[in-house]
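Database features, via Swiss-Prot:
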type     : residues  : note
TOPO_DOM : 1-68      : topological domain 'Cytoplasmic'
TRANSMEM : 69-89     : transmembrane segment
TOPO_DOM : 90-438    : topological domain 'Extracellular'
DISULFID : C118-C202 : disulfide bond
DISULFID : C180-C187 : disulfide bond
CARBOHYD : N191      : N-linked glycosylation site
CARBOHYD : N243      : N-linked glycosylation site
DISULFID : C296-C375 : disulfide bond
DISULFID : C318-C371 : disulfide bond
DISULFID : C322-C369 : disulfide bond
DISULFID : C331-C353 : disulfide bond
DISULFID : C333-C345 : disulfide bond
CARBOHYD : N376      : N-linked glycosylation site
TRANSMEM : 439-459   : transmembrane segment
TOPO_DOM : 460-539   : topological domain 'Cytoplasmic'
REGION   : 501-531   : region 'Disordered'
Amino acid sequence: MPIEIVCKIKFAEEDAKPKEKEAGDEQSLLGAVAPGAAPRDLATFASTSTLHGLGRACGPGPHGLRRTLWALALLTSLAAFLYQAAGLARGYLTRPHLVAMDPAAPAPVAGFPAVTLCNINRFRHSALSDADIFHLANLTGLPPKDRDGHRAAGLRYPEPDMVDILNRTGHQLADMLKSCNFSGHHCSASNFSVVYTRYGKCYTFNADPRSSLPSRAGGMGSGLEIMLDIQQEEYLPIWRETNETSFEAGIRVQIHSQEEPPYIHQLGFGVSPGFQTFVSCQEQRLTYLPQPWGNCRAESELREPELQGYSAYSVSACRLRCEKEAVLQRCHCRMVHMPGNETICPPNIYIECADHTLDSLGGGPEGPCFCPTPCNLTRYGKEISMVRIPNRGSARYLARKYNRNETYIRENFLVLDVFFEALTSEAMEQRAAYGLSALLGDLGGQMGLFIGASILTLLEILDYIYEVSWDRLKRVWRRPKTPLRTSTGGISTLGLQELKEQSPCPSRGRVEGGGVSSLLPNHHHPHGPPGGLFEDFAC
């Protein structure tokens, strides 16, 4: 029967001390190589932190009233800083801006703006044919009758051409323009370009941006001065009211840049007959801020469809393009004044579909035709004044000159004088009132005032948090190792087979039966080499 003998081996104290010393030296060496391997505690960190008051509130030392007061002071200062920081952040997120005005130095030459004018009456009564009256009945309110005064119910007219009707029946500038001068030089109807608006056939002076006329001086006599006959005898009689019925007499005028199409039915101003109207202009160059400070449209954000038919983006061009898309989608045609090559709407579609579509469109931020302002814009500020004309002497003179009576002169003649107040332009620029650099500066001032901190202090706190977190993760990831032997003090318990395998000495006998004489206590054999090493076997 096999016998298992368990022995206890006790090493001499002289053998253990050098090993402990060696292990201690190795541990000291590792500690010198990798200092701070274990994270610092909060008290140690607080005593070395540059955050004011943290060392006195959380540092090493006894807990007492003094430390409590310091902790309250630290928390109060921290709360005050957070309150101020929240207010600064809210102010920054509102994106405030201011407007700076910089008057420019006088220039020797200034580009004269484009001047668009329209007679308020769209169709001349004498120029309307029977077919025109028939097709325009819904627009003009005139009853469709033939030349004998009978209703033209059974007549068949050719399909109307709205462009031809407007071009043929609109007021002709050659008949209205009685005199024209620009900067002391004579001008004529040939210096005007035909343009179509909601008022029909209109005319624009100085329309071409490639050959813009210059103005070399400010004040009256250095701009455009024209005398017009509005031809009130050609105004349509009112039989019934329609959307196109007008009770006014005079012209509509808009002063704009050459890159901007006229939007005269909303942006124009009226000029009455019997008056000389003075319009003093001031060029204004406006610069708006894009998102998030404003809502202007930058040139880099423009898309090709938004510029279709125009050389540059403008609010007027955007509105006209949007209105055309709406009318085209609902009425399957476009109005004469809209850009594009699509089919022109006939007169009956004007009143039945197109006008209602335009009336339903809104231009507000929530409307389908909201057009943001371009970030760079040139506009012209206006100051308007007027005097009554003609006086008694000039009324008789003009009546003889144009073969009219004085009453006709007073009711139909007007003078328009457009000029620069001075050859200077105003630069108005939106600027961010509170930017990121100002926010950081204010936050730094509040941090220094309340808690005495800086960016480096925040880095210290983040570094300590990282150090503690990393140590916790290492402890979680570390797996415990199962030891091969269980040691208590200097005593180890081994089985006989382990003793045979781990002993550096060869076996001297067999463990069978009673053959155990070779396993004797150490003092029964000759002592080992000198040096104080003793091995005691307890079996």
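Yeah, the Cβs are placed from backbone N, Cα and C, and that goes for glycine too.
Source: prediction; values computed, not measured.
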DSSP-derived class (H/G/I helix, E/B strand, else coil) of C202 (disulfide bond): strand
Long-range neighbours of the transmembrane segment (69-89), counting only residues six or more past its ends (CB under 8 A): 53-54, 56-58, 439, 442-443, 446-447, 449-451
Distance, C345 (disulfide bond) to N191 (N-linked glycosylation site) (CA atoms, angstrom): 30
Rounded to the nearest Å - Cα separation of C318 (disulfide bond) and C353 (disulfide bond): 21
Per DSSP, three-state class assigned to C180 (disulfide bond): strand
Which of C118, C318, C345, C353, all disulfide-bonded residues, has a Cβ with the fewest other Cβ atoms inside 10 Å: C353
Rounded inter-Cα distance in Å - C353 (disulfide bond), C371 (disulfide bond): 23
Among C187, C322, N376, which are recorded as recorded positions, the nearest neighbour of C296 (disulfide bond) by Cα: N376
Candidates C331, C333, C345, C371, N376 (recorded positions) - the one closest to C322 (disulfide bond) by CA: C371
C369 (disulfide bond): tally of other CB atoms within 10 A of its CB: 17
Pairwise Cα distance for C369 (disulfide bond)/C333 (disulfide bond) [Å, integer]: 18
